[in-house]
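As structure tokens, the structure follows; a few thoughts come after it.
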Amino acid sequence: MGDDKVAWVQCAKGITIILVVYGHAMYGVHTAAGLHEDFFRYNNEFFSLFRMPLFFFASGIFAFRSIARPLDQFVNRTVLHFVYIYIVWCFIQYAFRMMTGGVANHEIDPYAILLIAYQPINVLWFVYVLLAFFVVTRVLRPVPSFVVLAFAGGLAVAQVNSGNYSLDRFCSNYVFFLMGYYGSQSILERARGLKPIHAAILVPMFVVVTLAFIYVDVRHIQIIRLACVMFAIFAMTALCVTLSDFRLDGVFRYVGNYSLPIFVSHTIATAGTRVIMVKLGLGGGWVLLMIGATIGGIVLPIILAKLCERLNFPWLFRKPSWFTIHLQPRRRDSDRGLAGPSASS
């Protein structure tokens, strides 16, 4: 994939990760200080409707090559990468929540670290579910794409409520990952045909439709929700392509390049920024708190990632070389054509 083709995809990832941080910053301020209920409801429901589906859609576009790799490369470059990040940051998030105790908005169960095999800590559900998307999609490669898409669409419409948050998020979002995965080549080619006029029409329509969806409160009708999310993805794609065409996507692409470090650490950064601002007397207004926490949740993880790179200690966000499984069976001496000492005498 050429850089021009994927620039808008990175832009989309950047926008969604910014919205994710904003959402958690807003939730933290709302829990700590209280926001106007209508403001919180419309902000929260508007952005939560499409931000993660859009991110998984963009991730699916990038997933095609990873899933097509030989098994050894797929396991070591993709599966173990996510497993390593997941384990490391589950422990970091757990340690932070245990140390902060009552300072954080929500205390953590001391036994939570023992349950991470099926119950991720905090925002680590995202890594857990993304790993599941890759593995399940790899396993289902022999199955016709329309069958898998239909099944995933059925899961999204079914509104699965199993009691396990990660399983529920898998069911509600897998169809968007598959849309990006199966349509990656076609999407990248067709996106070239999108013009600014498309964004100018689709984005306002998307805003109006989404606000109406929230106002009427038809969240329980999953087929309508699914249609709204797909329309949102289409509109945001048009917006990102337009920003990319006019070279206005630099900040978003830069943030998108650090989406993983931001995602796994932003809740610590937003909470820490909010607490520090209050301690310094800068928390007089909720608007300032939200802006400060959002900026902190984006900038601090990027600084941490760059600092790790500068110090040649990348292992907070990158799998070390020793964390590897060798799947290729060793060849026996007879297979190599080698004989015992007597054969050469």
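Using N, Cα and C of the backbone, Cβ positions are placed for all residues, glycine too.
No curator has checked TrEMBL annotations; they are predicted automatically.
Look at TrEMBL and you will find 7-27 (among others) tagged as transmembrane segment. Taking Cβ pairs closer than 8 Å, the transmembrane segment (7-27) reaches residues 35, 40, 43-44, 47-48, 51-52, 54-55, 57-59, 61-62, 123, 188, 191, 236-237, 240-241, 243-244, 249, 251-257, 259, 262-263, 266-267, 270, 274, 290, 293-294, 297-298 in its own chain, all 6 or more past its ends.
Annotated domain 'Acyltransferase 3' per TrEMBL: 7-305, in sequence order.
Tertiary neighbourhood of the transmembrane segment (47-67): same-chain residues 6, 9, 12-13, 15-17, 19-20, 22-23, 74, 77-78, 126, 130, 133-134, 137-138, 141, 169, 173-174, 176-185, 187-188, 210, 213-214, 225, 228-229, 232-233, 236, 259, selected by CB-CB distance under 8 Å and a gap of 6+ residues from either end. Taken from TrEMBL, the feature transmembrane segment applies to 47-67 (among others).
Residues or ranges marked as transmembrane segment in TrEMBL: 79-96 (among others). Sequence-distant contacts of the transmembrane segment (79-96), counting only residues of its own chain at least 6 positions beyond either end whose CB sits under 8 Å from a CB of the stretch, comprise 108, 112-113, 116, 120-124, 127-128, 130-131, 134-135, 260, 264-265, 267-268, 315-320, 323-325.
According to TrEMBL, the transmembrane segment annotation covers 116-136 (among others).
Residues annotated as transmembrane segment in TrEMBL: 143-160 (among others). Counting only same-chain residues 6+ beyond the ends of the transmembrane segment (143-160), those with a CB under 8 A from a CB of the stretch are 137, 167-168, 171-175, 178-179, 182, 220, 222-223, 226.
According to TrEMBL, the transmembrane segment annotation covers 166-184 (among others).
Long-range contacts of the transmembrane segment (196-216) within the same chain, counting only residues at least 6 positions beyond its ends with a Cβ under 8 Å from a Cβ of the stretch, are 41-42, 45-46, 49-50, 224-225, 228, 231-232, 234-236, 238-239, 241-242, 245-246. Summarising the annotation, TrEMBL assigns transmembrane segment to 196-216 (among others).
TrEMBL lists 222-243 (among others) with the feature transmembrane segment.
The annotation transmembrane segment is assigned in TrEMBL to 255-277 (among others).
Tertiary proximity for the transmembrane segment (283-305) is limited to same-chain residues at least six positions away from its ends with a CB under 8 Å from its CB atoms, namely 17-18, 21-22, 24-26, 28-29, 33, 35, 255, 258, 261-262, 264-267, 269-274, 277, 316-317. Annotation comment: TrEMBL describes 283-305 (among others) as transmembrane segment.
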Segment-segment contact (the transmembrane segment (222-243); the transmembrane segment (166-184)) at 3 or more Cβ pairs under 8 Å: yes
Contacting positions for the transmembrane segment (255-277) when only residues 6+ beyond its ends and CB under 8 Å are counted: 10-15, 17-18, 20-21, 24-25, 28-29, 32, 55, 85, 89, 92-93, 96, 100, 103-105, 122-124, 126-127, 283, 288-289, 292-298, 300-302, 304-305, 316-317
Across the domain 'Acyltransferase 3' (7-305), average pLDDT on the 0 to 100 scale: 92
